Each structure stands twice: as structure tokens, then as C-alpha cells.
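**Q** Got a structure for you, written out below as C-alpha cells; questions coming shortly.
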Amino acid sequence: MFILTVVKLLLIALNIFPSRFTNRRIMLLIYMTNLVTHVMMDEPRFAQPIPNVTVAVGRDANLPCVVEHLGGYKVAWIHIDRQMILTIHRHVISRIPRYSITYTDNTWLLHVNQAHQDDRGYYMCQVNTNPMISQVGYLQVVVPPNILDIESTPSSVAVRENQNINMTCRADGFPAPKIIWRREDGEEIAVEKKKKVLVYDADVLPLTKVSRNEMGAYLCIATNGVPPSVSKRIILDVEFSPMIWVPNQLVGAPSGTDVTIDCHTEAHPKAIIYWVYNSVMVLPSKKYKTDYTENSYRAHMKLTIRNLQYGDFGNYRCISKNSLGETEGSIRVYEIPLPSTPSKQVTHTTVESRENNIIPSSRNDTTKSLQTDVGYAMKNDLYPGSASSSSSGGSSSAASSSSSMQTSALPGGVAGNSLSSMGSKGSLAIGKSTFYTERPPNEYAASSVAGLLLHRALLFGSGIYLTLL
């Protein structure tokens, strides 16, 4: 197509077209056509453009330059950004050993081994014709992300509770990496006035008024589309002084039984936790069994007192202390009497009345007598000065079964009572009567009305059960 265009231009220049043809002009036209064709066929030309190549740093790259009809001309490669001649024909001019040149089937292939970021830029393939001909291609060298530890938050950082902290993560690479934050445990992150998100996009993660619930591992992840992505793990420690929660502040149990008391504590840094009785630290022994369960900044401490005796009743303190402070909780263990079972006497009386066709006493009378019996037992054991020295015959016999009563602190400071059956020693069957103190010792006499009603309801229910037998 190019040759036909040249011929047309020659014809116009010679004023042959559209004028009359002569033999002399035809011969001149043929000669000029042959000359142009000969010149055009012998001149070098590029068969295809140089493609743009992308390679990861450290990998090899190849840039092809395809030249047809090169003849005696030479091909040179030039790095335009560096203004550096790399190769001329089959010779490497650059002193950088990573460059090399090969020639195959009109293709001059420039090799860039283990590409560096400095190799990024425009490359020119040039033929030394007159005038010179050339074409340009681009080599892109990409770099995977890399986290800059020197500019980022350390792998472990501590902050006091309710204070603010900014965690920073910097990374380089090409293209510029994107930074995202997430929690390792999958929980939400509270940012921007307690707005909660699963993923936060920014170099800096701002946390305001940090709470202990935000303690844990945070992941800073850098990505730019060039594998592999990288991450950094940052442990956030939230420091606070110890706190203790006591589920049951009053625990009652009969002598000769085992009882377990417990406390829950929270602290960071890790606290030293232990039990104290009569100003002496309680150590594991045949008498005492201690059990500590820890989970992050939380701990659950238990103390089991075996075979309760007179000297085991009193105040036990659970203590938790760390570098920021110390706190303690108090649990009162007090004695309650062994239960009595007047059921035989009541049952016998009921059966005898039926045999003699005597109308049995009403439930109210039976319940009243049973409650009176229980009242005497409680006053006799816990308040010796307020009860008579002798009790009724039905309450004089003590059963081998035992029970315990625990009083726990309820929200708002109201004391509530909860009943729980004892362990292996003297387990109590459901429905049988048992004695519980109607109120704790004098120093804990501020029991709630609800607690008193609960005891009386239990005693009333037990009395009805025995009467129906």
C-alpha cells in the first residue's frame, strides 16, 4: 500500500497523470518504480511494537524488538529514564551485569535478570538508519507490600483503662499498599466514638477510652495486589487494678461437712490471688483444697474446707493484688444445726387416729406444731439465751443428713437467701423436713423479708408433706 502511494506521488510529480502517455515517459515511470521498490524492500523496519511488560521485583523480564530487513544496520537498546546505552548489536555496553542481549529470527531480545526497582521505566529499541528509526516499550517493576516495623507500633503495647491510644502501621511497596485493621478473635473494633466495625481502613487505628473488653491481638494487614500480602500482630494490654466479685457472702453449713466458697476477680497485669483466714494465708492441705481457674484477665478462685469443726467457722478473705492496687472480698462461714426429722411421730399419730376413728388434727395444727418445733431447735442451737434448755420430744432426735445455706448479695444491696443441698455427707432427700436458721448470726441480722418468707414456706411445705404421710 505504501509503494502504491509513492508511485502515485511520482506520477503526479512527473505530470504524467492524467496527461497523455508517451514511450519515453512510460520507461521513466518503470525505472522509478523499480528504484523505489528496491529501496523500500531493503530498508529496515519494525515488524511489531514493543509490549509493555510487568514483573515482580527480583524476577526476570524480557523486552523483544523485531526488525525486518536490517541488512548492515545495527540495533541498540537504551534505558531512557537512566539515559543509559545498554547494548549495541550483540555487545553489552552497560556495566550492569544483569542486562544481556540475544538475537533470534529478526528478534532482538533484551534480558533484565532479577529486576530491581531502578529498572522500572521506558526502554528504546533504535536502528542506526539515516534518519534513525526507533520504538519504545515500558517495563513495570512491582513490589509486594512490606511492613515498616521502625515506623509502626511495637508488637506489644499497654495502656491504662479509660485512656486513649493510636496504633500505627506503615508499609511500603509498589503500588502503594492499603492498610486494614481487624481483631484476631473476630470481634468488632470500637472506633470513632464507639462506632463498631469488623474492618477499619487506615494507617492509624484510633481507640478512645479503652476498656478491658478491647484487650487482645490486633492484625494490621497490608495489601497492594502483588502477592503475598503481609500482616503484623499487635497485642494490646489494658491495665487496671484488681476487682473482686463474691457470689455468696454468707455460707452456712453443719459441723462435720465439707463446704466450698468462691470469688471472681479481674485484673491486669496478672494478679496474685490467695485466701486468708485469721490473718494467715491458707495453703493447700488435708484441711483445705484451693482451685484457681484463669481466662485472660479473669480468674475464679475456690476454697474447699473439709470436715468443718468449731475452729473453722468465721471470716475468710479472698485477696487479689497487682502492681496497680489490691482488693479483697469477705465470706462468712457460720454453723447451722443438723436437721431433725419428727416425721415418725406425726405419721404414727395420724395412723393411730384413723384406727380409733378419731378425726385427725387439721393441717394448720400439724404445721403449727412443726414450726414451733423448728423454732425451738433454731433458738436452742444459734441463740442459747433465748430458748429453753429442753425441747419437745419430737425434735430431740437428730438425723444424719446435713444441709447448707448460702446468702448471696443481690443488686441494690438487698440480701437474698438461696438453699443448696450438701455433698456426699448426709444428702437430703426431696420432701423431707430440715431445719434452717430463720436468720443468720446477729452481725448479719439484716436479712431480707423475702428470705424469711422463703424459709417459712419451706417449713410449711415440709409440715404438710409429713401430715399427708
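The backbone N, Cα and C atoms fix where each Cβ goes, and this holds for glycine too.
Heads up, TrEMBL stuff is auto-annotated, nobody curated it.
TrEMBL feature annotations, pasted as is:
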SIGNAL    1-18  signal peptide
DOMAIN    44-128  domain 'Ig-like'
DOMAIN    145-231  domain 'Ig-like'
DOMAIN    242-332  domain 'Ig-like'
REGION    341-368  region 'Disordered'
REGION    387-412  region 'Disordered'
COMPBIAS  387-404  compositional bias 'Low complexity'
**Q** Take the domain 'Ig-like' (242-332) and average the pLDDT across it for me.
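**A** Computed over the domain 'Ig-like' (242-332), the mean pLDDT is 96 on the 0 to 100 scale.
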**Q** Going by DSSP assignments with H, G and I as helix and E and B as strand, what are the residue counts for the domain 'Ig-like' (44-128)?
**A** 3 helix, 45 strand, 37 coil
**Q** Of the residues in the domain 'Ig-like' (145-231), how many are helix, strand and coil by DSSP?
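**A** Helix, strand and coil residues of the domain 'Ig-like' (145-231) number 6 helix, 44 strand, 37 coil.
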